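A.B. asks: TrEMBL lists 14-400 with the feature domain 'Major facilitator superfamily (MFS) profile'. Under the heading transmembrane segment, TrEMBL lists 12-30, 50-68, 80-100, 106-129, 141-165, 171-193, 218-236, 256-277, 289-307, 313-334, 346-365, 371-395.
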Amino acid sequence: MAIAAKPASRFTGERLGISLVFFLAGLWYASWVGRLSVIGDVFDFSSSGLGAFLACLTAGSLVGLSVAPMLIRRFSIRNLLFYLPLALAIGLLLMGLSISTFVEPVLAYVVLLGSGIIFGTLDVAMNVYGGGVERRQGHSILPSLHGFFSLGTLLGAGAATATISLQWPSLWHFSVISLIIAALAVWSTTLVADETPTPAPTPVTEESWPSNAASGRYTRYTLLLLGLMVAGLSFTEGAANDWLAVATNTGHGFSHSLGALVFTLFVAAMTLGRFTGGQIVDRLGSVRALLLMGGIGLFGVALFIAGDSAWSIGMGALFWGLGSSLGFPVGMSIAASHSKHLGPRAVSIVSGFGYGAMLSGPPLIGLLGDHIGILLALWLPALVMLGSLLLTPIVGKPARREAKKVIPAAEPGP
């Protein structure tokens, strides 16, 4: 069934519509992540058990990223932007039932796997559409669109904090969020219009690597280093998304509500960093901006792990979020800045590194946490981030010479 489009200004309606989609995606993600410590208690998950639970999202998202190009070619992209959020809302309701009513972990595993497929597909669809709006408007809007995703995660984390403090069951909380997501999906679909989608990113294969003749200085070696840098920064961001609330509760011994609040502080700092990131990069350049923010992030990780009070843990989460905010988007811009011909291919390859690290990192931390404790396991993201920062001057130099400005571009949707 086709969704009828409402005539609207393409410079206002389309941008508002796709911004709403990014926002509701972030709202969905943070709503259940903010309750991870509660979910772990209800199902009596160990750290590795919670890591296996998160692996369902990883597996599902990778499937979604793989099938998204086919679905975009087969169906109207505007219909996907309507039906996929509705499917996420239904999945959130089922997740609430599995936690509050049935107390059935198997159902929760299946729901998260299916939701991961939907989320991965939606991530590609909304970025493809957002890129089309950006081209039509003639200036960069993708950084602000991903800022709306972060804004959604901020409000979702805040709602999780409030509902846990009020001792709402997960089903009540998720029911309200599902209604909001459905309403936003309906609203956004009246604003966006059908378009012929641009080709989706290709998977990382030997054939997809650029040849030396086509890329000049941008060799396979340089592209690999850039991918590793982005993977490390994305790994650190993904670790915080999934483990901050849990580590506050099980590692530091604070309440579930404080864990949700700490996660909210992290997301707030991420949101601030992404909305102001373009100005920071314009002023300092991509390399110095990444080094500065990365240093702040390392300090935040250390403060969170070593902190012994609610205040120090909260400040650590703030610095961690601020320091992690620009890694993926600026890495994408470095890839795209080398050549207008090579840029899209480079972005698609490097983004694969980022997606893989962000989605696979949290389950790995869970497995490690079972052996050495979750707080000690969180030193792994710090070490990975340090390695990424050591690569930054190497992979950033060509981009700094070829372009005066590097503006943060798209990131995963996580």
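Every residue gets a Cβ built from N, Cα and C, even glycine.
Just so you know, TrEMBL annotations never went through curation; they're auto-generated.
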A.B. asks: Summarise the model confidence on the domain 'Major facilitator superfamily (MFS) profile' (14-400) as a single mean pLDDT, whole number.
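C.D. replies: Result for the domain 'Major facilitator superfamily (MFS) profile' (14-400): average pLDDT 82.
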A.B. asks: Please give the sequence-distant neighbours of the transmembrane segment (106-129): residues at least 6 beyond its ends with Cβ less than 8 Å from one of its Cβ atoms.
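C.D. replies: Beyond its ends, the transmembrane segment (106-129) has Cβ neighbours at 18, 21-22, 25, 28-29, 39, 43, 53, 56-69, 71-72, 77-78, 80-81, 84-85, 87-88, 91-92, 94-95, 97-99, 142, 145, 192, 195, 197-198, 200-201, 410, 412-414.
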A.B. asks: If I count Cβ-Cβ pairs under 8 A between the transmembrane segment (256-277) and each of 141-165, 218-236, 371-395, which range comes out on top?
C.D. replies: 141-165
A.B. asks: Sort out for me which stretch, of 141-165, 218-236, 371-395, has the most Cβ pairs below 8 angstroms to the transmembrane segment (289-307).
C.D. replies: 371-395
